[in-house]
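Submitted below is the structure of interest, expressed as structure tokens.
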């Protein structure tokens with residue numbers, strides 16, 4: 001890439017995008033949102049691991065002996081395993097309410113655990129458990145994520161307001177800390193519970209709807225809009241542009257997309273249980289296993305090229321980065337090649353994941369690939385993760401291999417040019 005063009009691009013990113021990215025990384029509420037989802041992650045993963053067992057990937061009319069055996073096994077294990085699923089992944093919004101409230105309280109230097117529990121109480125108060133609707137408990141899972149975040153942030157901000165205004169019960173320093181903190185929460189907690197109960201009652205009497213139902217309705221266009229190819233490509237572009245400039249763009253993008261991914265995952269799991277078509281494509285499994293193969297930028301093929309390189313620098317970086325790259329960690333490559341701020345790798349670093357994303361999206365839309373129904377650790381090797389998270393899909397595992405081959409072909413010319421440049425530099429150093 002022309003250095004003048006590269007300089008202009010760097011200037012635009014530094015002036016426009018990096019300040020916004022830095023603000024997001026420092027935002028207490030964005031960090032609380034991220035921390036809430038990170039706290040819920042092990043529970044989501046445990047529940048997701050059981051999905052292929054509870055709902056085996058075989059059609060109900062498949063008469064093959066293996067298919068019949070899998071369905072029978074699923075029915076036998078259902079009374080044992082389904083309660084585990086419903087009390088892990090099925091309680092994710094309640095866990096997020098606690099985690100987000102505790103994280104925001106910590107940022108404000110307020111009691112974390114007590115604030116987190118208040119966030120849970122506020123969230124539960126907004127769900128109308130008296131409703132005869134069968135799906136009301138679904139709001140404890142993925143359907144209630146936006147309500148959980150609202151309840152968590154409202155709770156902590158009210159507690160903070162009351163503490164700053166001095167509208168709390170004060171005790172002398174001699175009283176034990178937990179006792180003081182507990183009594184200080186009585187008045188704000190009373191206000192929080194009364195106000196939210198009044199809001200719930202008002203919505204029910206005037207509109208016949210609960211707040212979680214209202215939030216689901218209001219955010220449905222955003223959930224649908226986030227699950228489109230343009231939204232996917234924009235997210236990729238922002239994440240990779242920021243990473244190219246040395247800012248952890250994926251961390252920012254993942255934090256902002258997490259509520260939409262979780263809502264989509266819950267919808268897919270619900271459709272799977274009901275035997276209906278899965279509605280959502282762009283979930284975290286799609287991002288992690290098709291687009292981060294070897295790490296940000298889909299750099300695993302570069303490791304294989306580097307290990308066979310005649311350049312000592314590249315050969316050393318390749319050997320150092322092999323094992324981490326298999327688990328989608330590629331900092332040795334990003335800074336060892338280097339790729340960060342290297343004009344030569346700008347186009348493939350941005351373009352390769354976007355090409356893979358478009359191909360994987362279209363093949364999923366056309367029905368050749370399976371949609372994701374589970375959330376697994378992002379560090380799981382991509383072929384295994386893509387198959388497991390899509391209920392044992394062999395097609396998804398093969399798609400990862402296609403993405404690797406595609407990335408190899410697209411990266412190869414740029415790697416050769418970079419290798420020649422390094423070989424010339426190494427030859428010159430040896431000559432001196």
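Backbone N, Cα and C define each Cβ position, glycine as well.
Here's the feature list from TrEMBL:
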DOMAIN    13-414  domain 'PTS EIIC type-3'
TRANSMEM  36-55  transmembrane segment
TRANSMEM  80-102  transmembrane segment
TRANSMEM  114-132  transmembrane segment
TRANSMEM  138-162  transmembrane segment
TRANSMEM  183-203  transmembrane segment
TRANSMEM  223-244  transmembrane segment
TRANSMEM  251-269  transmembrane segment
TRANSMEM  289-307  transmembrane segment
TRANSMEM  344-364  transmembrane segment
TRANSMEM  384-411  transmembrane segment
Mean pLDDT for the domain 'PTS EIIC type-3' (13-414), as a whole number?
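Averaged over the domain 'PTS EIIC type-3' (13-414), per-residue pLDDT gives 91.
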Flag the pair the transmembrane segment (36-55) / the transmembrane segment (251-269) as in contact if three or more Cβ pairs fall under 8 Å (sequence separation 6 or more).
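They are in contact.
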Looking only at residues six or more beyond either end of the transmembrane segment (251-269), which have a C-beta under 8 A from one in the stretch?
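Here the qualifying positions are 21, 24-25, 30-31, 33-34, 37, 44, 51, 89, 92, 138, 141-143, 145-146, 149, 219, 222-223, 226-227, 235, 238-239, 242, 278-280, 282-284, 287, 371-375.
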Of the listed stretches 114-132, 183-203, 223-244, 289-307, which one has the most C-beta pairs under 8 A with the transmembrane segment (384-411)?
289-307
Tally Cβ pairs under 8 Å between the transmembrane segment (183-203) and each listed stretch (114-132, 223-244, 289-307, 344-364), then give the stretch with the top tally.
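Selected stretch: 114-132, with the most Cβ pairs under 8 Å.
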Considering only Cβ pairs under 8 Å, which range in 114-132, 223-244, 289-307 makes the most contacts with the transmembrane segment (344-364)?
223-244
What parts of the chain pack near the transmembrane segment (223-244), using Cβ distances under 8 Å and only residues at least 6 beyond its ends?
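Residues 13, 17-18, 21, 250, 252-253, 257, 260, 263-264, 279-282, 286-287, 291, 296-297, 334, 339-341, 346, 349-350, 353-354, 357-358, 361-362 contact the transmembrane segment (223-244) from elsewhere in the chain.
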